[in-house]
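According to TrEMBL, the protein carries these features:
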type     : residues  : note
DOMAIN   : A:18-74   : domain 'HTH myb-type'
DOMAIN   : A:18-70   : domain 'Myb-like'
DOMAIN   : A:71-121  : domain 'Myb-like'
DOMAIN   : A:75-125  : domain 'HTH myb-type'
REGION   : A:155-196 : region 'Disordered'
COMPBIAS : A:157-181 : compositional bias 'Low complexity'
Amino acid sequence: MSKGRIPKSVSINLDQDGNELRRGPWTLEEDNLLIQHITSHGEGQWNSLAKSAGLKRTGKSCRLRWLNYLKPDIKRGNLAPHEQLLILELHSRWGNRWSKIAQHMPGRTDNEIKNYWRTRVQKQARQLKVDSNSKKFLEAVRLYWMPRLLEKIEQDSSPSSSAATSSPSSSSITTSETPKPAAAPPPPQINRPVLPNSGEEIQEISGFLTPAGLEPCGKIFCGKPFEDGGCYHVDIPGYDHVQELGCEGMSMSECHAADDDWFGSCFWNSDELWQFRKLEEVDV
DNA sequence: AATTCACTCAACCGCGCTTTG
DNA sequence: ACAAAGCGCGGTTGAGTGAAT
């Protein structure tokens, strides 16, 4: 939705010194002022920066605009499957520590990740009628969502196997391979489903789901190892977003929209919903 | 064509922590 | 040691958009 957004109305207040303070959407002129000033003077000291740049904005507002929107290395557009997977993993580790999660996702801001969680992940939780922070939901994510993301990543990384693709809504990894949690909710086998395309197993490395073929360390997707020494490598060699998705000629947003299609409005298929309900029954 | 609804995301707010004087 | 200012973080809001009716 970032495309062609018409600016909201701007309100003008007065600060305690009686100076004008603008609020609301930033104009192109304001953006340029901020960029120019930071380019020549650097960032930090946001309140004085706002004044010396001639911006009628709070320092906070300038900082936010710069960090979340104007900074040159910011990636725009939808999150790739491997980024989604990383968010799920890191959130399971750290909870709502958005800035900490963002540190491991170059080009992505805490705000963007937070928005993704609220709009996409919490939506899935609502569909299951559970709290997104509940154990049940996290289990369901681990059981169904993450393997599917891995599957998607695998598909994207190996164009030759595209014939064996499965549609988003069709149950791919579920019925035969996924361990059905008939009795008690069992974490053990959860981490070793088999990817249907390759027969490749998913391994768990220091609590992280990762395809067995990927190295546990060495090359780190996020560019930054975890503090505890672990790392999670989902850098897919040769993955070219535009090429793999057949997005040539599309705008960035169109391309990402195509990418997102497999996800659909409801992630869970009926089989998975059924299994989830069984989990709930066992639990009560 | 008009209206409603759900969704996205930029921007704001409040709070707590850190730095500075 | 203390207060004030600055900063960063997580939570929330609301306008714009497109799809559905």
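Cβ coordinates are placed from backbone N, Cα and C, and glycine is handled just like the others.
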Could you tell me the mean pLDDT over the domain 'HTH myb-type' (A:18-74), as a whole number? 84
Could you give the number of helix, strand and coil residues in the domain 'HTH myb-type' (A:18-74) as assigned by DSSP? 33 helix, 4 strand, 20 coil
Give the residue counts of the domain 'HTH myb-type' (A:75-125) per reduced DSSP state, in the order helix, strand, coil. 36 helix, 0 strand, 15 coil
